[in-house]
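Student: According to TrEMBL, the protein has these features:
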type	residues	note
DOMAIN	9-402	domain 'Amino acid transporter transmembrane'
TRANSMEM	12-33	transmembrane segment
TRANSMEM	39-62	transmembrane segment
TRANSMEM	88-110	transmembrane segment
TRANSMEM	130-149	transmembrane segment
TRANSMEM	156-177	transmembrane segment
TRANSMEM	197-215	transmembrane segment
TRANSMEM	236-258	transmembrane segment
TRANSMEM	278-302	transmembrane segment
TRANSMEM	323-343	transmembrane segment
TRANSMEM	349-370	transmembrane segment
TRANSMEM	382-406	transmembrane segment
């Protein structure tokens, strides 16, 4: 959640809450199906624990570089430019925007899934398909983007987002636990041919890294009061301890309750009172709208800055610009989401193309370059190992994600009702 750069007043706890809200976004409803189903109990549990530790370490490296060379770096791309030069600014900028665009596609898919799940509760003969709900979700996101000019006007919505997250996490966990206690023995085996299992495991590993990282640590750290590095480290400790408990709970309960049949949208699996499920689905939809706006805001702000749009929410010039620019961005995003609505595949692709490079490869190499004179040979070797390993993982995960999208596209056809 980006705040107005320059307001250096936030406590470490505020930043920790923001980070925790990020890991417990509506994406948590999909991890039982996109991670655990492909890794099983042993692989899933070990993978989540390792991903938590590795992600904490990588984010700590970035946080420690915040005050590099005697000044604060409030954007990831500014930090990269300070260490490598101007060309790195544009490369990092591109990686960040690819990351945010792919995350937004995921929010649109989940928002559409929540609307469809709510619709199915009240309609016996289902006639509307998922692409229609994607269009509705996109339209609502456009209205929200037009009426919310910048992140400083989002503060009340951030509190709403936290409450909405609690609603769908508690409801999904309780109903899934109830189903699990009343269900016969479940199938926890990993299905598919040997080749498909290998690609699915690589894709799920990419999803693990996607679950914890946004590539926006410097931007969040920019609003922290001094000492900024120590406060950010406290916020990260909070995120990766207390903050991951709700996510762990819903992932493990969902997989325990439904096994290999766990959906990529857990509320589609659960049974219970219609009004409770409807409330959870509506909460998930509204949270996806707010979260999408947060992650799309860097793109919105870039367009506003480039075209010097500074007017109020309903000033004609700025309103017209937001309708065209933000509306266009979301129409493109919604079209891609409806065209290929494969959530797990897009999580894998996002992790491969941007999460691995931004959070692990770039973070390790930046720290190596910036602190080389003070690092031992063992520490340098460790950082180089991280760079090489995650570079290989990024390549493998990209291949696996593209293969999964191609396979699913052939299986379901475009604009599929999954």
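Here the Cβ of each residue, glycine as well, is placed from N, Cα and C on the backbone.
Automatic, uncurated: that is what TrEMBL annotation is.
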Student: May I ask which of the stretches 12-33, 88-110, 156-177, 278-302 has the most CB pairs under 8 A with the transmembrane segment (130-149)?
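Tutor: It is 278-302 that shares the most Cβ pairs under 8 Å with the transmembrane segment (130-149).
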Student: Is the transmembrane segment (323-343) close to the transmembrane segment (88-110), in the sense of at least 3 CB pairs under 8 angstroms with a sequence gap of 6 or more?
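Tutor: Between the transmembrane segment (88-110) and the transmembrane segment (323-343), contact is present.
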Student: Do the transmembrane segment (349-370) and the transmembrane segment (156-177) come together with 3 or more C-beta pairs under 8 Å, pairs six or more apart in sequence?
Tutor: no
Student: Taking 3+ C-beta pairs under 8 angstroms (sequence gap of 6 or more) as contact, is the transmembrane segment (197-215) in contact with the transmembrane segment (12-33)?
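Tutor: As far as Cβ distances go (cut-off 8 Å, pairs 6 or more apart), the transmembrane segment (197-215) and the transmembrane segment (12-33) touch.
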Student: Name the range, of those listed as 12-33, 236-258, 278-302, that has the largest tally of Cβ pairs under 8 Å with the transmembrane segment (156-177).
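Tutor: It is 278-302 that shares the most Cβ pairs under 8 Å with the transmembrane segment (156-177).
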